[in-house]
Each structure stands twice: as C-alpha cells, then as structure tokens.
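Everything below concerns the one structure shown next.
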Amino acid sequence: MNIVILAAGTGKRMRSALPKVLHPLAGRPLLSHVIDTARTLQPSRLVVVVGHGAEQVQAAVAAPDVQFAVQAEQLGTGHAVRQALPLLDPAQPTLVLYGDVPLTRASTLQRLVDAAREGRYGILTVTLDDPTGYGRIVRDAAGFVTRIVEQKDASPEQLKIAEINTGIIVTPTAQLSMWLGALKNENAQGEYYLTDVVELAIEAGFEVVTAQPDEEWETLGVNSKAQLAELERIHQRNIAEALLVDGVTLADPARLDVRGTLRCGRDVSIDVNCVFEGNVTLADNVTIGANCVIRNASVGAGTRIDAFTHIDGAELGAHTVIGPYARLRPGAQLADEAHVGNFVEVKNAVIGHGSKANHLTYIGDADIGARVNIGAGTITCNYDGANKFRTVIEDDVFVGSDTQLVAPVRVGRGVTIAAGTTIWKDVADGLLALNEKTQTAKSGYVRPVKKKS
C-alpha cells in the first residue's frame, strides 16, 4: 500500500510563521502523529506532500522511510496528490491522509483499507449531529454512494444528510493518475479538489465503499489555535483514561499532560498539574506530587517525588525521596534510598545508596558514595571558567553546611568536613577537614539607629 500525507497548506488561521503541520500536539508536531499512525499500517511507500515551509517541514520529519513531493503552488488537494504520483507504486492502492488530522486511529484506517480491497474506492465518513459546513455523502435508494456534494451546492433535501466526507480515502493508484488529470478547477477557489475524484470513479464503474471511525474526534482537523487546543484536551483525556484503566491513580485526569510516552507500574499515584515529556518510566508504588515536570527519566519503585520538582534525563533508584522544589538535570543518577531535598540541584552526578542532600545544595559533575550526608549550602565548584572538573566523595562522609568543594578534588571514606569549609585539596580517609577560623566577640558595640526624617 502507498500512503500519501498532505502537508503543504499555509495555515493562515493559525496566525503563525510556523507551518501548520509543525505546531505541537502533546509536545510533537501534528505531522509526526500522522506519520507514526501511517507507519503502523506498514506501507511500501510513504510520501509527504510539502509546500509552505517545505524545507522546515522536511527537516522536522525526515526519516529513511519518508519520501517528499513538493507542491510549489497550493492549487488544491487534488493537485497536491498529483505531485506524489511519480513516487507511488501503481500496482498498490493509495491511502490519502492529512497532516493536520492527527488523532485518527490506525484501526480505523485499517477498516477503511479492508473495505476498499479488490480495487474499490474507499471513503472515510462520519455521521454528525450537526453536519453544517461539511460535504455530504449522497447515496442512492440501494445505499450506494453516488457523489459528494459540498454544503454550498447542496439542495435542501441534501442538507438534511448527516453523513459527511472526512477527506480520507483509499483509491486504486493506476486509475488515480487519469482521474486527477481529468479534474477541473471551476470553483470559487480555482482549485483542484480531491473530493471530485469520487464521481469520476463512479462514472468509471468502480464501487465506492465507506467506513466510519469509532469516535468523531478521530477526524477532527486543525485550522486554528482554538482547534489545536481542543485536540490537545481530547488527546490528553484519552491518555488519562488509558492510565486509569491500567490502574494509575490520577488526582484529576483533566490536569495531566503527557507529551511523549509514560509507562507506569502498579499503584502509581500522580497529583495535579504534572507534565511528562519524552520517555518516562515510573515503577511500582511511585508517588508524584503536584506541579512536577518529568522528562526522559526512569523512577524506581517506591520513590516519592514531592511537589514542584523538575527532573530531566535522570535515573532514580528504588525508594528515593525527591523534593519539593528539587531539580535533577541530565546525567543525575540516584541509587536506592537516596534523598535530594528542597532547592537542591544535581547535574551529571552519581549519588550513592542512602546518601542525602536535603537542602540548598548544588551537586554537579560529582561521584558521591553511599551513606554520605551533604549539609545545607554545599556547592561542588566544578567550573573554572573554561572546563568542568569532577568531585569525588567516598562512602560515609559527613559534609557540614556551607562547604565548597573546588574540583578536581577527592574526599576519602569516613571524612568529616566542618561547616563553612572550603576543600581544594584531596582529603585522606577518616580525617576531619576544616578551615581554621577565629571567632571574636566584642563588648561595647552599639547598633546603628535609623535617623528620623
């Protein structure tokens, strides 16, 4: 089977310099959703017709299995499909999709493809309570499709028809070239419409069949930011419903955003306003607090992530405790039972089993062993203005508050670092490290008094 995806439109009503098909739905371009669905049908040829912003669109979705045809002038959907003809296998049927209709299920498309086997012409239709504005499917007394009539051309009787054309079709490819060549642009827009092909197919004696989606929203397209927002909510609702079916506890399914793939184990609980991006895995008994953002991360069983935590590219072991207001950046690896508390940032660092950094700390480019206590206000000074260096803190170290570790530096096993210490040289195992300081208390001191104006 050939699949052609039309993605050449300007999208004027989006009021944006970004090509319409590149506007994000759940964090990914609209067109990417359509391509992914198309791939599940395993086409032999997958062709995207580009036009407005062609180079930008091609760069966004380029892949070895995707070919591109260019529609230099936007002269209608029929003209767009014609540009793809040289790239198609004429011996196989062609399925035509739209780059701004992202939620059509693969099962729906397969149903249409199956209906159109043996050289039939297939149309995906949907029955609406209010079909205003859509082309109607006209059938004869025997129920066979005879034509598609647009709203402006429909008779009062035809306007009562609730079955409408979605634009998604399956057509014999060998005949498609002839039919497209016979299209006329005698309409207000001066364009060649793919919908006109159905009458040519009927005139040529081809049987026209239809299939319908399970849900109306599968055929909704995007022509404005309002419609994009509507589809975003539909998509997120579908994701939330699937998570609930799988046993995930959602404090409010309407306040969850998944912009990628979220895999959850048993008894996972997610509070409100959480965003998951990229590939995220939550193991059994993970609890996520409110207003967290988690991107490309794996979270071990029994972990608790408190509110307002931001995690990006991190790996968390089992029974870790994170947040609130913590930030784990790419390369952060936490072993089982590690704690990272409020206003702690970890970047490209390993924190060992049971180690804790509970308050106001920066840990960057570091290797921290097991059972280490990092006091509040500790900083690994990893950057000299030109290069990054690593800090190594071995097992069972106690780091007092307000400590600076100037990398590259190593702190041996069992070391105790006094509060307010700057470490710039390696410290051997078991020692106490401190900077000698003198405390002075003076009598007779009088605080300044604010002058009265």
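Using N, Cα and C of the backbone, Cβ positions are placed for all residues, glycine too.
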Exercise for review: Please pick, from A370, A418, A419, the residue that Swiss-Prot records in the acetyl-CoA site together with A376, N382, Y383, S401.
Suggested key: A419
Review point. Sequence gap of 6 or more, C-beta under 8 Å: which same-chain residues meet both conditions with respect to L6 (UDP-N-acetyl-alpha-D-glucosamine binding site)?
Key: V49, T77, A80, V81, V96, L97, Y98, G99
Check your understanding: Are any of H359, A376, Y383, S401 (the recorded positions) within 10 Å of G76 (UDP-N-acetyl-alpha-D-glucosamine binding site) when you go C-alpha to C-alpha, and if so which?
Key -> none
Point to revise | binding-site residues compared (D100, E150) - the one with the fewest other Cβ atoms within 10 Å | key: E150
Practice item. Just name the winner among A376, Y383 (the binding-site residues) by count of other CB atoms within 10 A of its CB. Key: A376
Practice item. Determine, from DSSP, whether G99 (UDP-N-acetyl-alpha-D-glucosamine binding site) sits in helix, strand or coil. Key: coil
Check your understanding: How big is the Cα-to-Cα gap, in Å, between N382 (acetyl-CoA binding site) and R329 (UDP-N-acetyl-alpha-D-glucosamine binding site)?
Key -> 15
Practice item. Return the residue, from the listed binding-site residues N223, N373, N382, S401, with the maximum count of other C-beta atoms within 10 angstroms of its C-beta. Key: N382
Review point. Given the binding-site residues G9, N373, A376, Y383, which lie within 10 A of D100 (Mg(2+) binding site) by CA-CA distance?
Key: G9
